[in-house]
Structures are given as C-alpha cells and as structure tokens.
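Enquirer: Before anything else, here's the structure in question.
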Amino acid sequence: MRRIDIFDTTLRDGEQSAGINLNTAEKMEIARQLERFGATVIEAGFPASSPGDFEAVQRIANTVKNSTVTGLARAMKSDIDTSWEALKGGEQPHLHVFLATSPIHMDYKLKKTPDQVVDIAVEAVKYAKKYFPLVQWSAEDAFRSDPEFLVRIINQVIKAGATTINIPDTVGYATPQEYGALFKFLKENVIGIDRVKLSAHCHNDLGMAVANSIAAIENGADQVEGTINGIGERAGNAALEEIAVALHIRKDIYGFETNINLQEIKRTSQLVSQLTGVVIQPNKAVVGKNAFAHESGIHQDGMLKNRETYEIITPELIGETTAPLALGKHSGRHAFKDRAITMGFELNDQQLNEAFAEFKKLADRKKEITEDDLFVLFTGKQIESADASIYELTNVQVQYGTSNVPTATVAADVPSGENVVVATTGAGSVEAIFNALELLVKGHVNILDYRVTSIGKGRDALGEAVVNLRFNGETYTGRDISQDVLEASAKAYLNAINRKLVKDQALLKVKEMVGQ
Ligand code: KIV
Ligand code: ZN
C-alpha cells in the first residue's frame, strides 16, 4: 500500500480564518495533540507575521518530536531568516516557502512578469536551502496557473533544491477530475518529479476539497494538506479527519494508507473546536455530533438487527467510546485522577488539585459530571494560563422582567488594581451586560459575533459562550464556560479584551527590546 503523508495546517491556514486567535499555550496544546493524531508535518504558523506567531512556532518546533514542524515564509530573505530562527531547534528543520504563479496573482498582486517570478522562486529556494534540509515550495493559486508555466517553474525550483512541491487550489475552484488531471500532467512532464514529494492543498469554496485531495492522491500526490474540522479561510480547507477515514474505510478501492491514529480523531476535533471557538456543524461527516445518530424508526430498527444496515463507520473507530459512568459529588479524588489518566490527560499534582476543587464546586450544582464536562475541565487545566486576567470579572447581576428594562451590574478587578462596579441598561440581558462591560473597559467595542452552546446534554449542561469583537480597531475572540450562560458571556467578553491587551503588552516589550 502506498503511504500518504498528512500535512496539518490547522495552526496556520486554519488559524488564519476570521475570528480565530489562539495564544501560544493553546497552540502548543493543539500541536501536541496533532502529534498524537499522527500528522506527518505540522505547520505551526507564519513566523515572520508577528512576534506571537514566531514564539509559538519556536516553542512547537522545540517540543514536538514525532512530527516534522514547519512554518510558512514568503519568498523573501527576511522571512526565511526569521523562520530559521524559529524552526532551527526542530528535529528536522523544514520550511514552507510560497509564491503565486497564476496570471491574476502575478499581474495584480505581485506586479511581476513570469520570468521575474521564476527568478524570485529559485532565489528563495536556494537561500532557504542554506539553512533547511527540507524545503517545500508552493505555487500559490497553482490550479488557476498555466500548466506549462507550472512545469517550467517547478523544474527550476527542484533544481534549486526544493524537496516538496505543493500545488494549491487556493480559491477552491477545481473539480476532482480537473485537479487530478493537473497532478497527472505534472507527474508526466516535470523533470525529477519522482525525486520530490508532491503535495495537494485544497480549499473548500465549492465543497469539493476532500474529493479533490483524494483525486490528487489517485494521480500521484504523496502528501495532502488540510486542517482539523476543515477550518480555514472562507469556506475552509480539506478536513483531514474526513480524508483519513475515507482512505481507511474505502481502502478496498483506494489502497492507500496514512500514519493517522484514527482513535485520536474525536479528541483532536473536540480540542480544536473548543480552543478556536469554531462550532462543528452537527451533520458534519465523521465528527459532527449527529454523525452516528440514528433518528428514524426504520433506521433504529435496522441498527438493532444488524449495525451494518446503516453504519459504515463505527464511533469506536474515531475514538468515541461509549461514555463511562458519569462522576458525581460523591466521587473521590482517586476516581477523578483515574478518569483524567484514562482520558489521556497528563496533569501535575497542582493542576490535578485545582481541577478537583473545580470539579467539586461543579458537582454541587450539577447532578452528573459527564465526559464532555471533564474534557473541558481537564483541557482548561492542562493549558497553562496564558490569558493573563487583566480584567477579571468578580460579579455579574442582571435584573430582567418581560415588562422591565433589563439592567446589568458588573464588578471586575481592573488594571489599576481596583475593583470597579458599573451598571447600565440594554434591550436584553446580554446587551445590558455587554454595555456595562464596555463602560468598564473604556474603549469602543463592536460585537461581531456571539454564540452560546451547551456542553453535553440535559438542563443542567454547562454553557459555552464565544464572543467575537472588535476593540480599538482589532478583532479578537474570547470564550468561557460556566454553568450560567450570562456569566459565561460576560467572562468570554472580558477574555477577548484581555487577549488584545496581552498582545499589546507583548508588542510593546518587543518594541522596547529593539529600541523603537
Ligand atoms: O492556499 C494556499 O495557496 C496557501 C499557500 C500559502 C500554500 O495556503
Ligand atoms: Zn491555503
């Protein structure tokens, strides 16, 4: 069986999508999980794009050992130098350098002739090879490029030392047949194509990213790129869990294998959704919450007689176990610790003690603590608290009546060290809370998106709030989980504000260091 490499770009192309902003601790947690998931390559970020990205890529490169860690760079020396500083501690330093090759990108974006583009690409690859043993070169918007021009430029970058050639469908325009044909054409016409890894990178604008990726594999691609849950710019990237499961379930016709540990799919998907705040659509293939639900009587009857009547993938395959007994307020520390270990968390004594104290508080208010609740609790503890609480909510109170004007009073510890209390009204309870918090943070805040979802089932389920807002000209997403959705909403709002302020402080430090 031919082995297909899986290149994960959740932390780069995925993180690039609207409203997602992960801090370093969260990126580290996702990277560690991607390593367990079995990604061959993890694209940890774009080191030259910001000090935050640089730091995250560097920490991931220095930590992850079983996957190759890469970072994205434009075809320019300064980006390559910065990327080397971030990636040099990795097991196998790998760089991903890109340049657009389609007429529309060359004319309007780059304002370069095709000859100039070839020269820039070759120079960049040669320069990168001075540092990196592994260099992936991507022809941005390859699918809309002239295939003859692609052959010409790829011949040159291979000669310059590229070890992987990536052919992105940057705008998700291809059909499976066309995308597959492009790979076949390149396999037949590029000199030395068999000496390098050939890679596919598909966007999902027409909903064909997974099908296109598989068509590329059938026509010679050695690697496919994508993200967990298919997150990414616009309609997102190819969903890696779908590709891995499709290749596994239909190996009878494809005959390809990957290194993906299918049992880690559920957990990886849950973690990415929790930390990015991007909710998984319920009917999403493989990881949607209804992916294994059988609603109609006829289907349920069939399932009881023989599961294979309606089930082609088992929940167990992707690591969704039949939930073990829920824990409750009488559960002891020992059972709690055992559960953390069975669920694959590695908490130190202090983290475990803190998690247990929170568990006990929660168990006083909630009858059963489910696997989903524990996942959220353990994940929160495992991520070292990088979200400094610059503003910390100490109280929220709302007065609401169908014929009254909703009024919110919020109290929070503010940067000066004082505890400030503000009260104001709004058209609804949440608006009143957000209006009060806006007075507290003294800036202009625009709410771009706001969502509340429940973790697990039942009337006492925990509520998760995600707030995407614009504060003093920049967009941030905050999230929080609480038993009360109003409290979760207020905390998620302050979490977004705190993320912006933490980033401002980090930038200020960098400026001081370089003497600006
Ligand atoms: O979609 C794209 O073209 C990309 C490149 C940077 C590889 O993400
Ligand atoms: Zn992309």
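Each position is counted from 1, following the chain as shown.
Glycine residues also receive a Cβ, built from the backbone N, Cα and C atoms like all the rest.
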Enquirer: For the Mn(2+) site that TrEMBL assigns to HIS201, HIS203, ASN237, which of the candidates ASP13, ASP53, ASP413 is also assigned?
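Expert: The candidate from ASP13, ASP53, ASP413 that TrEMBL ties to Mn(2+) along with HIS201, HIS203, ASN237 is ASP13.
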Enquirer: Let's check the environment of HIS203 (Mn(2+) binding site): how many other CB atoms sit within 10 Å of its CB?
Expert: 26
Enquirer: At a 10 Å cut-off from the C-beta of ASP13 (Mn(2+) binding site), count the other C-beta atoms across all protein chains.
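Expert: The answer is 23.
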Enquirer: Applying the rule Cβ within 8 Å of the centroid of the Cβ atoms of ASP13, HIS201, HIS203, ASN237, what extra residues of the same chain belong around the Mn(2+) site?
Expert: THR9, PRO168, THR170, CYS202, ASN204, ALA209, GLU225, GLY226, THR227, GLY232, GLU233, GLY236, ALA238
Enquirer: Does DSSP put ASP13 (Mn(2+) binding site) in a helix, in a strand, or in coil?
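Expert: Helix, per DSSP.
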Enquirer: Cβ-Cβ under 8 Å from ASN237 (Mn(2+) binding site), same chain, 6 or more residues apart: which ones?
Expert: THR9, ASP13, GLY14, HIS201, CYS202, HIS203, ASN204, ALA209, GLU225, GLY226, THR227, GLY230, ILE231
